[in-house]
Amino acid sequence: MYSDKVIDHFTNPRNVGEIENADGVGEKVSSSCGDRMKVFLKVENDIIEDVKFQTYGCGAAIASSSMMSELVIGKTLQQALDLTNDQVADALGGLPAPKLHCSNLAADALHEAIKNYQETNA
Amino acid sequence: MKRIYMDNNATTAVRPEVMEAMLPFYKEHFGNPSSVHWAGRETGAALEAAREKVAKLINCAPAEVVFTSCGSEGDNLAIKGVADAYRDRGNHIITTAVEHPAVLNSCKYLEKHGFEVTYLPVDGHGMLDVSSLEAAITDKTILISVMWANNETGTLFPIEKIGAVARKHKICFHTDAVQAIGRVPVDVDAAQVDLLAISGHKIGAPKGVGALYVRKGVRLTPLVHGGHQERNRRAGTHNLPGIVGLGVACELADADLRNTAQRLSAMRDRLEQGLLAAIPESQVNGHPTMRLPNTLNISFNYIEGEAVLLFLDMQGIAASSGSACMSDLEGQSHVIDAMGVDPMMANSAIRFGLGYDNTEADVDQVLEILPNIVKKLRDMSPFYHERDAAKATANS
Amino acid sequence: MKRIYMDNNATTAVRPEVMEAMLPFYKEHFGNPSSVHWAGRETGAALEAAREKVAKLINCAPAEVVFTSCGSEGDNLAIKGVADAYRDRGNHIITTAVEHPAVLNSCKYLEKHGFEVTYLPVDGHGMLDVSSLEAAITDKTILISVMWANNETGTLFPIEKIGAVARKHKICFHTDAVQAIGRVPVDVDAAQVDLLAISGHKIGAPKGVGALYVRKGVRLTPLVHGGHQERNRRAGTHNLPGIVGLGVACELADADLRNTAQRLSAMRDRLEQGLLAAIPESQVNGHPTMRLPNTLNISFNYIEGEAVLLFLDMQGIAASSGSACMSDLEGQSHVIDAMGVDPMMANSAIRFGLGYDNTEADVDQVLEILPNIVKKLRDMSPFYHERDAAKATANS
Ligand SMILES: Cc1ncc(COP(=O)(O)O)c(C=O)c1O
Ligand SMILES: Cc1ncc(COP(=O)(O)O)c(C=O)c1O
Ligand code: FES
Ligand code: FES
């Protein structure tokens with residue numbers, strides 16, 4: 001049911017955890033399943049230096065979180081804001097249709113964290 | 001990696017004795033049991049021998065056994081068949097909120113066709129209150145359908161008491177015994193059951209065969225109309241090899257019911273105690289004592305069941321989160337929901353269904369692997385961390 | 001005594017390639033295809049591979065194939081399923097007088113529930129007049145159900161023409177192709193069919209499995225409600241070994257359809273010619289050319305079919321008198337009846353259904369044995385003697 005990439009990111013999720021004194025924190029709760037993701041950012045000169053996440057959710061949600069973190073570390077805030085949920089799912093080699101919503105958590109939570117950073121540093 | 005199959009409530013492997021008994025009926029003795037020539041006579045005799053074996057396991061007359069293609073068909077035939085045949089007497093059906101979808105969706109279909117259905121609630125152990133069932137009876141009630149054992153939690157319903165109530169009020173009583181059969185003693189006479197559905201693939205017979213017990217005198221409109229098979233109660237050429245297999249599986253179940261139940265419940269209890277001890281904030285869903293010997297439904301707070309199953313799967317352990325036929329779907333189990341389990345606990349519910357082939361070593365392996373999986377997932381869970389934070393604040 | 005099986009319209013032996021393909025799915029790969037773990041993934045892939053093979057044989061998309069437990073279930077699902085789903089559009093169904101009981105009795109059931117059914121007559125060859133079908137259509141007609149090939153006579157109906165009429169009037173068209181599949185080319189697209197039922201055990205797959213083609217966009221109320229199997233069109237744990245077997249049988253049929261048809265029709269024709277030549281006052285029932293390649297329905301005046309079958313059986317030859325599922329019943333075939341065959345001729349009708357395993361030697365043996373049986377029975381028959389007497393009188 002899941003691609004090898006999903007299984008890889010699920011089994012060995014990258015960047016799990018918390019950043020103390022994070023520059024931005026955001027979270028997203030899935031309206032369809034109640035699953036939840038929290039993202040912590042470290043930002044320097046508009047560049048995302050580090051990302052950590054905590055996820056309560058299914059295999060797809062955890063893999064999406066991990067993939068998202070890999071995709072945006074080292075990117076500019078704008079590039080990170082441009083990241084879409086579909087891009088996360090695509091980078092995982094696709095998700096089964098009923099699991100597509102799970103990847104929505106990742107980009108959305110990231111964007112919340114960036115918004116939080118921008119608001120607190122405005 | 002050793003593979004461990006602990007999803008025997010979803011389906012079981014065909015038992016070797018069953019396989020051996022079926023083999024001659026595919027290529028060698030393949031006649032249509034309804035045919036009058038030699039090819040049909042051979043299989044006709046095998047058909048009736050199998051019927052006797054099924055009848056013996058549940059203590060009924062062979063003529064009261066109707067072969068079907070699966071448990072779902074049996075439930076549909078019982079519910080829609082009685083509803084149609086007794087429509088002149090009333091249009092009210094009583095069932096529970098925790099039935100298998102085969103029962104629930106048959107009832108929902110009937111609701112669209114002029115029937116009224118009462119879905120009785122269950123308590124925190126998934127148990128039904130018989131007095132509330134009796135209170136729900138009206139003069140329009142024509143059918144009570146309550147499962148013998150719940151497929152997700154293993155909770156055993158008080159079938160004999162329900163049977164007595166149904167008989168007192170002269171209402172047909174159907175029970176979905178798909179999970180109960182071969183695991184606990186089932187006696188349709190003692191339980192005063194009028195219809196009872198079983199499925200082969202849950203007891204070591206193959207997929208594609210089941211049976212419905214229909215008490216003599218109970219009227220039943222067929223679900224599958226056509227030829228005169230099964231005394232006009234189920235048309236279609238008999239699945240002879242499958243039926244032969246079901247017969248042998250029933251015979252085997254009859255022979256070692258108590259032993260198997262004891263062996264499996266000892267293993268199940270060890271698994272349960274071990275997990276509860278190793279994993280704080282876990283809980284068993286289902287009745288503490290009135291429960292199938294092979295079933296353990298357990299929740300580990302703060303994490304999601306699907307993720308647990310995926311990790312187990314990657315280590316070769318097959319378990320599930322509720323019924324297989326729902327598992328491609330979103331959302332929580334209607335059974336755990338109906339028990340009023342806290343939603344986050346409910347989300348992490350996973351089910352182990354032990355079976356004939358499981359060993360103590362299998363239990364050891366799950367006990368070794370699962371606590372680490374839970375730890376890993378909890379480390380990832382924001383809820384778990386917030387809970388620690390909340391505790392720390394409280395303690396400071 | 002060599003046993004000769006010539007009742008392949010009743011059922012067939014499982015073909016060796018089919019058996020081999022199924023075997024791993026009983027004990028080794030036994031997972032529930034709806035389960036998400038390794039055990040379910042293995043079988044889930046096999047399920048979809050089988051679906052593709054069935055789809056290929058009838059030229060449809062895999063998603064349009066719904067697995068069932070038999071041909072009767074497919075007919076019931078198609079007819080009752082369309083009737084329920086299109087009830088808002090009308091309540092009229094058109095079928096023929098010579099359908100299989102699975103179709104006729106589904107229709108009779110619907111007649112009790114507010115539907116009206118037109119049973120079209122057939123001519124002396126068992127053939128349908130398409131213009132009379134078109135004339136029977138009303139603005140309440142929601143379903144046309146006409147079999148592809150008749151099981152008793154082998155007569156092939158003009159399915160493409162009926163399909164065109166149904167499409168023109170925007171009416172769902174179901175065809176019972178249980179006897180046609182694997183024997184003549186079947187293309188749901190070319191024939192503009194909307195639903196089409198097949199059964200495994202007629203084409204070398206085992207008993208207990210079938211399929212219903214449901215054209216994309218056709219609404220269908222399930223017959224078996226429950227889990228989400230088969231895209232909510234048929235609940236119940238999949239009969240995985242059977243489905244795998246059906247897939248392989250369809251693949252085999254696809255590969256040697258034309259060869260087998262040629263071989264069987266050559267044998268059938270030799271049997272037919274030989275019997276007609278050896279037995280005066282015999283006649284073939286069915287269409288002379290539009291007929292299944294393997295089927296011969298033949299009457300020998302003045303004697304009773306059951307007695308012929310009994311003698312054949314005692315010499316190891318399995319044939320039948322119409323459909324197996326009716327054979328425990330008294331009375332004549334509704335098919336032969338509807339063709340207006342003289343009652344005494346009709347009473348002696350017997351059916352040979354040739355199959356994959358039959359050889360020329362089998363035909364020789366029947367040609368050697370059957371004329372003597374007929375002679376023996378005629379010698380016993382008062383009707384035969386009176387006829388001789390009548391002739392003698394006429395000639396004197
Ligand atoms: C034309 C036709 N339709 C339907 C059926 C029913 O198929 P099954 O016996 O698989 O239910 C048969 C065979 O018995 C048949 O010949
Ligand atoms: C309680 C219960 N009822 C009915 C069924 C349906 O049985 P089957 O899958 O054989 O249709 C199942 C199993 O899936 C079950 O557990
Ligand atoms: S099911 Fe909730 S995130 Fe996947
Ligand atoms: S005498 Fe036996 S069927 Fe008529």
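Note that the numbers count up from 1, one per residue, in the order the chain is shown.
The backbone N, Cα and C atoms fix where each Cβ goes, glycine too.
Some features that TrEMBL has for this protein:
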{"type": "ACT_SITE", "residues": "B:Cys325", "note": "active site, cysteine persulfide intermediate"}
{"type": "BINDING", "residues": "B:Gly71, B:Ser72, B:Asn151, B:Gln179, B:Ser199, B:Gly200, B:His201, B:Thr237", "note": "pyridoxal 5'-phosphate binding site"}
{"type": "BINDING", "residues": "B:Cys325", "note": "[2Fe-2S] cluster binding site"}
{"type": "DOMAIN", "residues": "B:4-366", "note": "domain 'Aminotransferase class V'"}
{"type": "MOD_RES", "residues": "B:Lys202", "note": "N6-(pyridoxal phosphate)lysine"}
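Candidate binding-site residues B:Asn151, B:Gln179, B:Gly200 yield none lying near chain C, with Cβ-Cβ distance under 8 angstroms. Among the listed binding-site residues, namely B:Gly71, B:Gly200, the Cβ with the most fellow Cβ atoms inside 10 Å is that of B:Gly200. Reported as a whole number, the C-alpha separation between B:Gly71 (pyridoxal 5'-phosphate binding site) and B:Lys202 (N6-(pyridoxal phosphate)lysine) equals 9 Å. Here is what falls inside 10 Å of the CA of the residue listed as 'N6-(pyridoxal phosphate)lysine' among the binding-site residues B:Ser72, B:Asn151, B:Gln179, B:Thr237: B:Gln179. Within 10 Å of the C-beta of B:Gln179 (pyridoxal 5'-phosphate binding site) there are 28 other C-beta atoms, taking all protein chains into account. Under DSSP, the residue listed as 'N6-(pyridoxal phosphate)lysine' is assigned to a helix (H, G or I) in the three-state scheme. Only B:Gly71, B:Ser72, B:Asn151 of the binding-site residues listed as B:Gly71, B:Ser72, B:Asn151, B:Gly200, B:Thr237 bring a Cβ under 6 Å of any atom of ligand 2; the order follows the sequence. Listed in sequence order, the binding-site residues among B:Gly71, B:Ser72, B:Gln179, B:His201 whose CB lies under 6 angstroms from an atom of ligand 1 come out as none at all.
When other Cβ atoms within 10 Å of the Cβ of B:Ser199 (pyridoxal 5'-phosphate binding site) are tallied across all protein chains shown, the result is 30.
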